[in-house]
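Enquirer: Okay, here's the structure, questions in a sec.
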Amino acid sequence: MSDRETRCNAGGQFMDRGRMNQNGVVQPLLTDLYQITMAYAYWKSGKTDDHSVFDLFFRSNPFHGEFTIFAGLDECLRFLESFHYSESDIEYLRRTLPEGTENEFFDYLGDLTAKDVTLHAIDEGTVAFPRVPIIKVEGPLIIAQLLETTLLTLVNYASLMATNAARYRMVAGKHVNLLEFGLRRAQGPDGGLSASKYSYTGGFDGTSNVLAGKLFNIPVKGTHAHAYITSFSGIEELKARLLKHKLTAGVTGDLLELAIKYRQKLSTVLNVSMEESSEGELAAMVSYAIAFPDGFMALVDTYDVKSPAKSTNSNNITAKTVTKAVISKSNAKNLSDKRSTDINETKLPITTTSAGINMTNGWTVHPNGNIDNINNAVSTSMENDTNKNDQNISNNNAQPHDSKYHACMSRLSQRSLSNLCKKTEKSFRSGLLNFCAVALALNDLGYQAVGIRIDSGDLAYLSCLARETFERVAERFKVQWFNKLTIVASNDINEETILSLNEQGHKIDCFGIGTHLVTCQRQPALGCVYKLVEINGQPRIKLSQDVEKVTMPGHKNAYRLYSSDGHALIDLLQKVSETPPEVGQKVLCRHPFQESKRAYVIPSRVEPLYKIYWQNGKITQKLPTLELVREKVQKSLKTLRNDHKRTLNPTPYKVSVSDNLYNFIHDLWLQNAPIGELS
């Protein structure tokens, strides 16, 4: 058994390799079968000593943006370092490859390592652009070919994830914390770990993923779920109520008693009826505060609590059911697709706008509880029908455009949604009242609460309400730190959600982002490719009717040229035999494929993009820590003009070739393009 297998079996999937850890799954068999069959064909053809150059690059930036963050280099180098087919690998390949594959080939694979490979790359965390190779691989054709799939899988998702995270960081702003909460929604455990690692690289401040915290030294953050709140039904379930004073030895306080005392006072200050507050919620918060008095952060939107004196209509949709969908565009579906036979089960699609909560059936519910009919498709006179018994929708045999269907849905809307925001606020205020009571009780015992998390509802409106509440409590009870309590928001947040919340003037201090971040829902793949551009010193070109797929042949160097104001201006590709551009010297930069697009550039700074990271079987550069890569991302982004980074219609960054390389590409193109014949 090989050393790799021993380490993997003993240490689990990820092996401690020192700096950033190495995934035990990343090994030579993590590849496509055709790489190995090609290797055999190369071997049979006597091409084992052919010297090749491959470029790894992408053709377009993701997420409709104009930049990409290069990530994954560290794992590529660790892969090269450990590249070796184990005995069990060879035995598996003997059984898998077609009969007739010569035994000597398997002996050849058993002795194969990456010692003869040279890898050039740009620094991890650097902004990269289409067509500029982010990695160049030189070496024997067989080994360079065998590296293809593994290098691509290590770079593609890592770069996509880091870019996605960097975009979230830009729209959120530097003063708002970002936490990655996506493990449960990620594409498997490997996807979850990679998402945590590269979201941190891209600018996130922490993760909920505990294993990622251990492996990559990423700050781990978390609160509790609604399940913890709902696990308590009343204060009589509290088995622990006492808490030692943080500063005064020998002093113990009854946290529940203190919290109840403060809740009575806060009820008047915040104008919240005691009947609107859940006893089970208070018990849960007291319990959690006793467990974590220095880190008390509570989820405050679990219950929609109604007064016992009021009758509860069984057909009403609870605020929790509705508000869980409020901020998420992805939950908005046309009502015509929802033909439930039970009104109780009808889920109404909602999105949030600066004007209020927008119902896709034409209604807008404003934060003050009023409803406007945008489409004028349903008469507001339906208010008179609210006391009538609702008919079963299925009994009407209603179709999406039937008047009976609309009338029924109108009555439902009028009855269940006219007070949606009021109910949402009450639901929220129950949690807010209980949180403030427990936080003030903790204060009496020398502790400071951390803050709250909001997981549903109109996040902008509720965050402003929470901040206003904290300020009022701080003033009334003379606890100034209450003004600085953290407000965390979650609930299917994406880039557009944050932009919308920014426009609405939210008071959120931290976003917890999961699904849209880790799955990169706007674009699930970056599309990096790995192309042969030179063999035995002879250039190779791939031709296509689609110009975007035509490769730029030959071994090339890349330089980033900066303008007089210090921003990156253009990336320039040259043949390796050409003299590098110089500061203050005019350089002719040409579009790779459009003859008329060209310009002279006089750079104020010239940055060579490539370094040799692997040569003679060794890593040749001191590799940065994950923290340093994270800093590199932000420094590299600062070199771009704002118009290249903006969310809407960003300015494309220019990638060019030298005049010499331009002529070389087009001469080779003409030499390899077939000549047609007309008759």
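Backbone N, Cα and C atoms are what each Cβ position is placed from, and that goes for glycine too.
Below are the features listed in TrEMBL for this protein:
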- 380-400: compositional bias 'Polar residues' (COMPBIAS)
- 29-156: domain 'Nicotinate phosphoribosyltransferase N-terminal' (DOMAIN)
- 450-551: domain 'Nicotinate/nicotinamide phosphoribosyltransferase' (DOMAIN)
- 556-664: domain 'Nicotinate phosphoribosyltransferase C-terminal' (DOMAIN)
- 380-401: region 'Disordered' (REGION)
Enquirer: DSSP helix, strand and coil counts for the domain 'Nicotinate/nicotinamide phosphoribosyltransferase' (450-551)?
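Expert: Counting residues per DSSP class in the domain 'Nicotinate/nicotinamide phosphoribosyltransferase' (450-551), I get 41 helix, 21 strand, 40 coil.
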Enquirer: Could you give me the DSSP helix, strand and coil counts for the domain 'Nicotinate phosphoribosyltransferase N-terminal' (29-156)?
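Expert: Secondary-structure composition of the domain 'Nicotinate phosphoribosyltransferase N-terminal' (29-156): 55 helix, 21 strand, 52 coil.
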Enquirer: To what whole number does the mean pLDDT across the domain 'Nicotinate phosphoribosyltransferase C-terminal' (556-664) round?
Expert: 97
